[in-house]
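Report on one structure; see the data block that follows.
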Amino acid sequence: MSTATMPYVAFKVKDISLAAWGRKEIELAEAEMPGLMALRAEYKNEQPLAGARIAGCLHMTIQTAVLIETLIALGAEVTWSSCNIFSTQDQAAAAIAAAGIQVYAWKGLNEPDFDWCIEQTLFFGEDRKPLNMILDDGGDLTNMVIDRYPHLVEGIKGLSEETTTGVHRLYERVKAGTLPMPAINVNDSVTKSKFDNKYGCKESAVDAVRRATDIMLAGKRVVVCGYGDVGKGTAASFRGAGSIVTVTEIDPICALQAAMDGFEVKKLNTVVGNADIIITTTGNKDIVLGSHFEQMKDKTIVCNIGHFDNEIDMAWLNKNHGASKIEIKPQVDKYTIAGKDILILAEGRLVNLGCATGHPSFVMSNSFTNQTLAQIELWKNSAAYNNDVYMLPKHLDEKVAFLHLAKLGVELEVLRDDQAAYIGVGVDGPFKPEYYRY
C-alpha cells in the first residue's frame, strides 16, 4: 500500500472516555521516571529531535506514554502502536489519543488488527508524510518497513531496538546483509538489560501470576526456563515469594550462576511433572512442548515472560486439546489433557503485560531514557554510522544511571585526580572499560 492509498485515521483506541483516568496515571508515573523528566528539562530549548517523525511500536502502557510525550517535548512528531496484542493499557492509549497523538492500540488485538495498527504508524498527519525514524520493540515494525515498504527505507535515518528478540533479528539481518539503516541496540545497554530485564521482572513476574490466578506462591514449586537477565529476575521474584524454584538452562555459564545463586538446575523433562508453575524466559522457541504438557499434573500454571508466544507450543496445545479450552477470565484459559487441567496465562504471550501492568515506572525510566538518547544520537549523527548494530557509548550508559540516583537518595564518592590516574579513568568517567561485565 502506498501513501496515497492509505487513508488518514487520527487514532484508534478502545475507549477515548478513559483519557482522564489515563492522564492521572501518567502524571503519577512522571514522578517515578526521573531520567525522562531530566531529559525534558535538559533539552527543552535545544529541541534535538525537531524534524524527526518517529514511528514507535512498543507496549502502549502508562510508562510508554511518558516516553512518547518526552520525544514530543524534544521536538519530534510521533505515531504509536503496541508490539503485543495484550499489553496495551487502554487508559494510556486514550490519554495519548486525547493529546492529539496518532496512536493505534487496544488490549486484545487480533492478528490482522495488530498489523493494521503498525501500518498506520508509517505515515504522519493528513498530508501523509512518511516516518524517518523507528523506535521498535521486537522488530515487527522494522520488518514491516523493510519487507513491505522498502521505498520508505531511504528516508529513515535509523532505528533503536528495545528487546532481546528484536536485537537478535537485527543481528540476523546484519549477517545476511539486509539491514538497510544504522541501528542502536538499546537492550544491551547496562542500564537496560541489568535493570529492566532483571529488576523489572523481579517485581512484575510474581505480580502477573498473582493477579491472574490468586494462587498462594509460598511453598509452590516453580520451574523457570532460562537464566539470562530475565530469568535471573524471574527466579528471584518467585524465591522472594517463598516458592521453591528450579532453573533449566542450556548455557553452562548461566547454569553455574543459577547453581551458585542457590537454585537447583535440572532438565525440564525431569521436573515438569512435579511443577506447580512453569514460566519461560528464554527468547527461544519450542521450550515447553506437547510431551511436557502430557507430563504435567492437574492445575499446573504455564506462562511466558519472553517477547513472543512461541516459547510455549500453543499450536500443539490448540490443535490437540483446543476443544477443551475454557476461558476462566480474560488471559486465563483452562485446557484439559487426559483429565488434568492446565492453566495457560496470556495465551503464552508476555504474562507480565498480558495479566498485569508490566514493570514499575522507575525501572522503565532507565530503559526509556536509553531509547530517547538513542533516538537523539541517530537523528543528529546518522551519517557517522554504517548499516550495522551499535551500542550507546559507556558515558551515556553512566549518564542514564546518574539521572536516577537522586530519586533513591544515592550519594556518589568523587575520585581525586591521582586516584583517577591510578586506575586510568577520567574523574568524571567513564569509570569502566567497554569490556567490563556488570
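The backbone N, Cα and C atoms fix where each Cβ goes, glycine too.
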Further binder of substrate named by Swiss-Prot next to Thr61, Glu162, Lys192, Asp196, taken from the candidates Asp90, Asp137, Asp140: Asp137
Lowest local Cβ density among Asp137, Glu162, Glu249, which the record lists as binding-site residues, within 10 Å: Glu249
For Lys192 (substrate binding site), nearby residues of its own chain (Cβ under 8 Å, 6 or more apart in sequence): Glu162, Val186, Asn366, Ser367, Asn370
Most crowded position, judged by CB atoms within 10 A, among Gly226, Gly228 as binding-site residues: Gly226
Candidate binding-site residues Thr165, Gly226, Val230, pick with smallest Cα gap to Asp137 (substrate binding site): Thr165
